[in-house]
Amino acid sequence: MEKVKLKREIGVIGFTAHMVNMVVGSGIFVLPAIVASGLGPSSVFAYLFCIVIVALVMLCFAEVGSRVAASGGAYVYIRTAFGPYIGFLTSILFVWSTLAADAAVANAIVDILGTQLPMFKWPPARMLVFFFLFLIFGFVNFRGAKHGVAVVKLATIAKLIPLLILIMASWGDVAIENLEIQALPSFRKVAEMTLILFFAFQGAESALSISGEVKNPQRTIPKGILVSILIIFMLYVLVQTVAQGVLGPTLPTYRENPLGAVAERVFGGFGFAAMTLAALISMLGYLGSSILSMPRVLFQAAVDGVLPMEKLAKIHPRFSTPFMAIGSYAAIGFLCASFGGFEQLAIISSATILLIYLGVSLAVIKLRMHDEEPRGGFKIPYGYGIPVLSSFVILCLLSHVAIDELIVIVVVVTLLTVFYFVRPYFRKNN
């Protein structure tokens with residue numbers, strides 16, 4: 001029987017648009033104030049650091065994707081290079097990173113609500129909102145994937161159009177003196193803020209899942225990566241610039257809803273309401289997208305035997321959805337949101353995904369040692385330079401993770417390691 005191959009029909013424009021859409025998310029509605037609290041007008045250095053990491057890592061993803069034919073993204077790439085144990089850690093850490101991100105976004109939603117309704121600053125009220133957020137999105141995806149996709153499409157429009165309008169309309173209100181850099185920040189401070197800001201740059205690796213359908217990948221992929229990261233960088237820096245330029249030294253005081261404050265200064269009460277609504281829709285869309293996709297990862301892990309929990313592999317007889325995986329994911333997300341704040345959860349998510357990025361960068365080096373040429377796909381130029389530089393930059397950034405967040409990550413990795421090695425006993429008993 002003839003093997004059916006994917007058609008390579010996606011060009012530079014299509015690949016670039018897909019990557020921009022995957023990266024630009026809800027974090028940018030909140031992070032300008034947090035980054036400004038540490039760097040002020042020097043915030044651009046954190047954006048530069050983030051975009052360099054994304055560019056280097058995406059090139060590594062592109063090459064290792066050319067070398068490993070199987071689907072599965074970072075999990076398969078790292079497992080192929082370093083074996084099943086590291087692959088197992090990668091798969092679960094990826095889910096953990098997304099859970100932390102979901103919980104961070106849920107906190108951001110309640111923080112925004114709390115600026116208008118003080119009752120949402122009360123911990124029991126916050127937990128109640130978290131409960132209903134994960135319950136509702138879990139139920140929507142329990143009923144079927146098409147309902148979740150509709151939410152995601154709405155969020156894509158809601159996150160891009162308001163940002164572009166805000167940038168164009170606010171430019172006349174930017175005060176140049178608010179953008180003057182009085183002194184260069186220390187590398188430590190830039191690294192600390194970059195860890196938080198990197199939360200807004202996650203998702204680029206998902207865009208490379210379509211690399212098998214890209215025309216002339218040797219040229220299209222690097223061009224698409226370069227153009228898309230420039231667009232993302234310019235969009236984010238322009239958002240930060242108008243926020244800093246309009247609000248000046250007061251920007252860090254609007255930690256819950258900085259872009260709403262900018263819109264209020266420019267458009268009045270209507271602008272504040274519109275930007276706040278856009279932020280909420282974008283964040284809700286992110287949660288909807290995540291609770292649509294990530295339970296399927298848990299489901300597949302149970303089917304493949306990575307997780308020895310047969311109940312996670314159950315499919316609902318009527319709706320044909322992995323209802324146990326959806327329910328479990330939503331429940332864990334609720335617990336994470338209830339016991340952490342936005343900044344802490346964002347750092348945990350960023351640090352965890354950076355560990356996975358480090359694994360992919362090292363996988364390029366390992367796979368090149370065994371097979372110098374990828375099979376007709378993309379190969380990074382300049383020898384080992386880019387994967388080595390990528391690994392070095394990521395390690396520099398991870399060295400600035402605070403002790404509290406580091407303890408959380410170490411505990412999670414330790415528990416997963418214990419679980420991995422006792423897993424055969426679970427199977428034997430079953």
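Backbone N, Cα and C define each Cβ position, glycine as well.
All annotation found in TrEMBL is predicted automatically rather than curated by experts.
Positions annotated as transmembrane segment by TrEMBL: 12-38 (among others).
Positions annotated as transmembrane segment by TrEMBL: 44-64 (among others). Outside the transmembrane segment (44-64) by six or more residues, the chain places 23, 35, 74, 77, 81, 185, 190-191, 193-194, 197-198, 200-201, 204-205, 208, 211, 217, 221-222, 225-226, 229, 232-233, 236-237, 240, 354, 357, 360-361, 363-364, 367, 374, 377-380, 386-387, 389-390, 393-394, 397 with a CB less than 8 A from a CB of the stretch.
The transmembrane segment annotation in TrEMBL covers 85-110 (among others).
If you look up TrEMBL, you'll see 122-142 (among others) marked as transmembrane segment. Listed by sequence, the residues of this chain that lie at least six past the ends of the transmembrane segment (122-142) yet keep a Cβ under 8 A from its Cβ atoms are 106-107, 109-110, 113-114, 148, 151, 284, 287-288, 291-292, 295, 316, 319, 321, 323, 326-327, 329-331, 333-334, 337-338.
TrEMBL lists 149-171 (among others) with the feature transmembrane segment.
Per TrEMBL, transmembrane segment is recorded for 191-212 (among others).
Residues annotated as transmembrane segment in TrEMBL: 224-247 (among others). Panel annotation: around the transmembrane segment (224-247), residues 12, 15-16, 19-20, 23-24, 28, 32-33, 35-36, 40-41, 43-44, 47-48, 51, 54-55, 58-59, 62, 163, 166-167, 170-171, 173-176, 178-179, 200-201, 204, 207, 214, 254, 258-259, 261-262, 265-266 of the same chain, lying at least six beyond its termini, place a Cβ under 8 Å from a Cβ of the stretch.
The transmembrane segment annotation in TrEMBL covers 267-287 (among others).
Same-chain neighbours of the transmembrane segment (319-340): 95, 99-100, 102-104, 106-107, 126-127, 130-131, 133-135, 137-138, 141-145, 291, 294-296, 298-299, 302, 311-313, 348, counting only residues six or more beyond its ends whose CB sits under 8 Å from a CB of the stretch. The feature transmembrane segment is assigned by TrEMBL to 319-340 (among others).
According to TrEMBL, the feature transmembrane segment maps to 346-369 (among others).
For the transmembrane segment (381-400), same-chain residues at least 6 beyond its ends with a Cβ under 8 Å from one of its own Cβ atoms are 49, 52-53, 56-57, 59-60, 188, 191-192, 194-195, 198, 351, 354-355, 357-358, 361-362, 364-365, 368. The transmembrane segment feature in TrEMBL is assigned to 381-400 (among others).
The list of residues near the transmembrane segment (406-426) in space but at least 6 beyond its ends in sequence, with Cβ under 8 angstroms from a Cβ of it, reads 85, 88-89, 92-93, 96, 308, 348, 351-352, 355. Taken from TrEMBL, the feature transmembrane segment applies to 406-426 (among others).
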**Q.** Sequence-remote partners of the transmembrane segment (267-287) [C-beta within less than 8 Å, at least six residues beyond its ends]
**A.** 25-26, 29-30, 102, 105-106, 108-109, 112, 116, 133-134, 137, 151-152, 154-156, 158-159, 161-163, 166, 169, 257, 259-261
